[in-house]
Amino acid sequence: MKFIDEALIRIEAGDGGNGCVSFRREKYIPKGGPDGGDGGDGGDVYLIADENLNTLIDYRFEKRFAAERGENGRSSDCTGKRGKDITLRVPVGTRAIDHDTKEILGDLTKHGSKLLIAKGGYHGLGNTRFKSSVNRAPRQKTMGTPGEKRDLQLELMLLADVGMLGLPNAGKSTFIRAVSAAKPKVADYPFTTLVPSLGVARVGSDRSFVVADIPGLIENASEGAGLGIRFLKHLERCRVLIHLVDIAPLDESDPADNIAIIENELFQYSEKLADKPRWLVFNKIDTMSDEEATARVEEIVERLGYEDNYFLISAATGKNVSELTHDIMDFLEAHPRETEEDKPADEVKFKWDDYHQQAMESAVDEDDDFWDDWSEEDDEGVETIYERGGN
């Protein structure tokens, strides 16, 4: 299945149904009171995280999703039916962003987590609501309010503990194959990896971590060179980054310069990502003697002024790979992921009584000409129907 990690869709919540103007008409009751019902609320739009999905390909071609409109009110005090909600399933790790305002609406990081992204409109009021002692036959009603509509940007960000960085052909996919059961494509040409992939590295019988491999970066990737830097977003949720460096590049480039290229592109993308713990891992030491590899690495880190720990491995032969995975596991256990507590639902600020009061103040007449069944001569709220003559 094709990997799609971004999608732009149109979301439309349902409009609220309009109120109804109606009067009770039955046998022997030719002039009954008002009986127009309220409209129904519009349907909402939700996102729900589904662990069985791993791509946003479902939203590549189908771009518009609309919830059902609330039905209008009817006579006999019948309230309109509420519009049906729609729920869109997305992979775990999806972020929802308002395309116009760039506001982050929420992150779905757990299976089954649900996010309201468009609220349906509220119902209009029927003329029964406007009945009073001085207005026995109201012809006012209110219209339903529009539902929320927005262009929604969906971004899938993989959930991994460890993220791999490096130039093309640094050996990232080979490392993934060495530490996990994942089988990403490996070849001797650049950009063998075209989409992110995940692998589960097991350390012992009861410990493991998830590692993410992304396509390699090249110089000026932030300006669109190569595959660009768009895949770096998949590393934002990682706890540690592994910067894999080819100690003996085939193009005879300087490994120190190659490290600087990745560092620069990382800062160009996000300072927050660049501030994550990052380990230098020198790969392909099997292409030279141990003494030569050690001397070359020491010369590189001295030029860079790098003072943190670094590692020398061969992903192809597995040399020192087990030691590295144990160190990674120990680091992850010492720095557990900050668990995001489920926030309590916001208190509902919407009050029906307030809404009804405001709606009644902005009511519209069914007819252009105002009409009621009271005459200007009414005295103390009593309409004079017949007055008997003199003696």
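Cβ coordinates are placed from backbone N, Cα and C, and glycine is handled just like the others.
Under the DSSP three-state reduction, Lys172 (GTP binding site) is assigned to helix. Marked as GTP binding site by Swiss-Prot on the basis of sequence analysis: 166-173, 191-195, 213-216, 283-286, 314-316.
Residues annotated as Mg(2+) binding site in Swiss-Prot: Ser173, Thr193.
Annotation source Swiss-Prot lists compositional bias 'Acidic residues' at 363-382.
Summarising the annotation, Swiss-Prot assigns domain 'Obg' to 1-159 and lists sequence analysis as the type of evidence.
Positions annotated as domain 'OBG-type G' by Swiss-Prot: 160-333.
Look at Swiss-Prot and you will find 363-391 tagged as region 'Disordered'.
Reduced to three states, the DSSP call for Ser314 (GTP binding site) is strand. Cα spacing between Gly166 (GTP binding site) and Ser173 (Mg(2+) binding site): 11 Å, rounded to the nearest whole number. Cα of Pro215 (GTP binding site) to Cα of Ser173 (Mg(2+) binding site): a span of 9 Å. Sequence-distant contacts of Lys284 (GTP binding site), defined as residues of its own chain at least six apart whose C-beta falls under 8 angstroms from its C-beta, comprise Gly171, Asp246, Ile247, Ala248, Ser314, Ala315, Ala316.
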